[in-house]
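Have a look at the structure below before the remarks.
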Amino acid sequence: MAHQQQYIHGRYHASTSGEHFETINPATGEVIATVEHAGQAELDAAVESAKQGQKVWSAMSPVERGRILKKAAELLRENNEELARLEVLDTGKPLQEAIVVDIQTGADVIEYYAGLTDKIQGDYQDLGNGNFFYTRREPLGICAGIGAWNYPIQIAMWKSGPALAAGNAMIFKPSEETPLTALKLAEIFTEAGLPDGVFNVIQGDARTGQLITNHPDIDKVSFTGEVGTGKKVMAASAQSLKQVTMELGGKSPMIIFPDMPVDQAVSAAMLANFYTQGEVCTNGTRVFVHADMLDAFTKELKQRTEAMIIGDPMDMDTQVGALISKDHMQKVLGYIQAAKDAGATLLCGGYQVTENGLDKGAFVAPTVFTDCTDDMPQVRDEIFGPVMSVLSFTDEDEVIARANDTKLGLAAGVFTKDFARAHRVINQLQAGICWINSWGASPAEMPVGGYKQSGIGRENGIETLYHYTQNKSVFVDLNDIQSPY
């Protein structure tokens, strides 16, 4: 992995800019690889390649496209462990997570859309008097995917699966923090029989992203990342009226009612806050706990959180890995200090972990604050780290209003044994992804996306195919032409 290039038209492609960047193992601070930075010349080459590839790909029968995508899913699963280990090197997340989630669930999405390639169809309606119309769902053309660094290969698969199933080509730019596994995905697509140019990977930072959003021959941009960056991507895409899908940030509430067993409530809260070191956009970082169970909840939460294993992400016993970078770690620690300054009570964690040889990495102990109020900075802002805020409530209507008091609306969850209450509350929460007595489940069949400033469009599910196709209406008149001229 010493030196990486762009992947264009089925092969590695050297950049002409002469610029490169390093990708760092956040658990050790060591350089994994140097990566060539793409400029305008590389993007133009990727676009021309995509035009050629998309022409071939869209001309294939849907069944043939499905076979190739299914083969790619099989190859991904065969290479699961190798890909998971590479993902761990690049992200710092625990191997015990990556080996069961990142590649496997991404492959599920590829396989799901492989089965839908021949299900994309239009409508027909007889209008009488020898007239009828039909519609065709046609590919957009060239789609761009811009990925985030928390689930690099999974995001690449979530974006490429529906795009390719619909007959498009995709140019994918991974985050410069995690550039490696997207290249492996490209190799696997090629091995599976995908025509050259249908999935290209270009590397770089925000400058490369700007080149993508400004390129007139790219028809759609699908972006996953932070809200502010998403707004910039959307604004730039508007200059050429590109279609956009935005999967942005969240500050998601989970509401725990007192009929929920304490051990299950604590399990849910820990899962919703500490998985992947808290670097998950759907994290339930605002944990609303009914006052009647608050003491028992916080007691068990403290005990179990302090028992979590922090260590080498490659060790299968490790439950908490490294944050993505030292810079991001400082941001997280800054929010922890801001929470203390605002008057929140630190229940546990709240510090950089340096013992047992972890001093060169970006490790932060899972952190829980109690005595939180809705206006505190760690309650209002997306931190993207292992920081949980516990808030007390007594009234159902009150907690719904508080849960909705945010500009974001990505996810929400309700925990109760009263299913009438569960559905009543869920129906009032302003979030696009909701769970009842669960957190984080995202099967390929289920469309996901945000309300409010958490996003536009959906990923996964049948609905997403509509975001990667355009509707053509064809009117047919079987009669002689009638004209006043």
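The backbone N, Cα and C atoms fix where each Cβ goes, glycine too.
Of the residues Asp44, Asp90, Swiss-Prot places Asp90 in the same K(+) 1 site as Thr23, Ile24. NAD(+) binds Gly147, Ala148, Trp149, Lys173, Pro174, Ser175, Glu176, Glu226, Val227, Gly228, Thr229, Cys281, Glu382 as Swiss-Prot records it, and from the list Gly128, Gly193, Gly197, Gly249 the residue named for this site is Gly249. Listed in sequence order, the recorded positions near Asp90 (K(+) 1 binding site) (C-alpha within 10 Å of its C-alpha) are Trp149, out of Gly147, Trp149, Pro174, Val227, Glu247, Glu459. Taking the Cβ of Thr229 (NAD(+) binding site) as reference, residues of its chain lying under 8 Å away and at least six apart in sequence are, in sequence order, Ala206, Phe223.
The CA atom of Trp149 (NAD(+) binding site) is located 11 Å away from the CA atom of Thr23 (K(+) 1 binding site). Between the CA atoms of Glu176 (NAD(+) binding site) and Glu459 (active site, charge relay system) there is a gap of 22 Å, rounded to the nearest whole number.
Gly455 (K(+) 2 binding site) and Gly147 (NAD(+) binding site) have their C-alpha atoms 14 Å apart, to the nearest angstrom. Proximity of Pro174 (NAD(+) binding site) to non-local residues of its own chain (separation of 6 or more, Cβ distance below 8 Å) is seen for Gly147, Trp149, Pro152, Ala156, Leu180, Thr181, Ala182, Val201, Gln203, given in sequence order. For Glu459 (active site, charge relay system) paired with Lys159 (active site, charge relay system), the C-alpha to C-alpha distance reads 7 Å.
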